[in-house]
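Notes follow once the structure below has been shown.
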């Protein structure tokens, strides 16, 4: 466990002291099995050799970090260039100039090796995949380049990153989010206006329908609403990528980006519904509704497929509404998998040319799913489970050399409870302290978590002979590519209830780096609000940092608010000491299983993105040469629409299948690690809680029967941090988030020579699922 352990000799359910001692001695002796050649004489030669090797290592590491830092701006520039090209395509696409030029380009491509299918992929699909590959490469360089360099932001950047709108139906909005939303709405308005103005000038009735001029215009309006829904679908899937989340390059994590998916989904369903209602109303007016709805023609748009796609989309949308999603999450999650049917019928309805506009997101989502499935196929056994007083358990998994950043998230599946349900949890450990184990806290807040707690609780009185292996499937961890908190002079952490868990990883990481040469925050204020004092047992993992003597005594100050208890005379030290007696159950005595599989790195993600893009293009072009008639575009149009759609599906299957094969082979070539050595290490951990020396005075504050006055606390901290960059992190209920956001919004206008004297950088940690 990357957390500092609290061992209770009277309550611990694990191995005997004799066994732990022998394992520790074996590990200690094996550490010196193959020593390097020693210098000829004296300890001075040893020290010189150590200093020489250390300087060589640090010099090589600094060189690699410098190289990574040098390439980082270039990769980010390529990301920006690719996205700019993609945006320009969408802006120019509805214009008459583009349409004339595009028809000529298709005729030219039909006579080349690419054919028109290859041209569509290069123009509409490759910019997004290129941007994604460069984004992953950028995040790889950022993770290798060390910490974020400290530099004061310009005033406008700080203001745009902080909250602008605090209370709204869609939550807290920053300036950058408002700007992106405004630009997206402008794109929708521009596309609609340009297409409609062109359509109205040459509006003619389709054959066999005999529509009036007014009905033709209404029909064109409905068609153009469908075009707007395509734009939403083109970006709809990007925010829900987990391992391959491209929003990380902007500093937005998966759990925060999910709400962008919700916004886009609502807009897309609205536009698609308008598209369907308007078109079907015209059919009804001409008494052709049934004949048109059931039509499945061999060429052109398939109306029945469009109706099915719209119906599936509406079902997904209804089950995604907050009342259903929160109360019936499993129903919401299961119905959401109908997105596959939605995408397939969209392809059949719109045809391959419209599908090329959105397929880049589909490819990235498929690759993300493949990576997650491959990682989660292995089900390692838990190393230990600590039962806390607040009906929560701290679980520890064995990993091997996984590097992750604070505030990372892991998705967990317990096959013995449900093989379908996956639940996210914030890691409470630090890979800088221990990269062989990861820990997270599960608090009872629903049916699944209660079932897990009860199953673990039933083992607390069992001995080693009867404790069985507890298998867990893992996805992740997913987190920021670099350590974000290091660029701040001071930190303000505000948490409520189980919202403390992401901050435990930050504090663990800071504690492990104490005395390091890397620049660290010099002041940390943690404000923690709980309902009952027993909830403070979640602070158990950082109790040495709170109660023990530290090199920097003023580093961490804690304010605890117990809102539903009226008690006095009870110190925080007494509560934490009582919580440290939590019972720990150890697993795996008879089942030496492999450790949890590590996720693919950013460099691998960049490689498989580029590989899948190339394979998709090559396979689509080859299939086009094999099944589509050669010649000009007009000749190819004689091919049935379903054939062209099938070629797209075939190329997609080939690309994803080949990528999956490469990933599986590369995984099997890596040697598996065994968990037994980690368990031995776990048993031999130093008793940090029991041996820690308590501070001579109480540095922290605790209040009963009152809620925290966040504005007052923030004002006091703000006055103490002149000329400092303050990182304000909040994880808790909406009211808490809004209070902190309002304060940051209020105090973001003090400037000096175009720069801020004091900056407050607001960071909200919240799951939107």
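In case you wondered, yes, glycine gets a Cβ from its N, Cα and C as well.
Unlike curated entries, TrEMBL annotations are predicted automatically.
Matching 121-143, 374-396, 397-419 against TrEMBL, the residues noted as transmembrane segment span 121-143. Across 71-92, 164-193, 262-284, the stretch most heavily in contact with the transmembrane segment (221-241), judged by Cβ pairs under 8 Å, is 262-284.
In terms of DSSP helix, strand and coil, the domain 'FAD-binding FR-type' (375-484) has 13 helix, 39 strand, 58 coil. Mean model confidence of the domain 'FAD-binding FR-type' (375-484) amounts to 86 (pLDDT, 0 to 100 scale). Counting C-beta pairs under 8 angstroms (sequence separation of 6 or more), the transmembrane segment (121-143) fails to reach the transmembrane segment (164-193), with fewer than 3 such pairs. A Cβ distance under 8 Å defines the sequence-distant neighbours of the transmembrane segment (164-193), meaning residues of its chain 6+ beyond its ends; these are 87, 90-91, 93-94, 224-225, 227-228, 231, 259, 263, 734, 737-738, 741-742, 745, 762, 764.
Ranked by number of Cβ pairs under 8 Å to the transmembrane segment (331-348), the listed stretches 262-284, 354-371, 602-626 are led by 354-371.
Long-range neighbours of the transmembrane segment (602-626) within the same chain, counting only residues 6 or more positions beyond its ends whose Cβ lies under 8 Å from a Cβ of the stretch, are 113-115, 117-118, 121-122, 125-126, 129-130, 132-134, 136-137, 139-140, 143, 243-244, 363-364, 367, 371, 481, 647-648, 650-652, 654-656, 658-659, 662-663. Distant neighbours of the transmembrane segment (646-665): 117, 344, 347, 352, 355-356, 359, 362-363, 366-367, 370-371, 374, 600, 608, 611-613, 615-616, 619-620, 623-624, 627-628; these residues of the same chain sit at least 6 beyond its ends, with a Cβ under 8 Å from one of its Cβ atoms.
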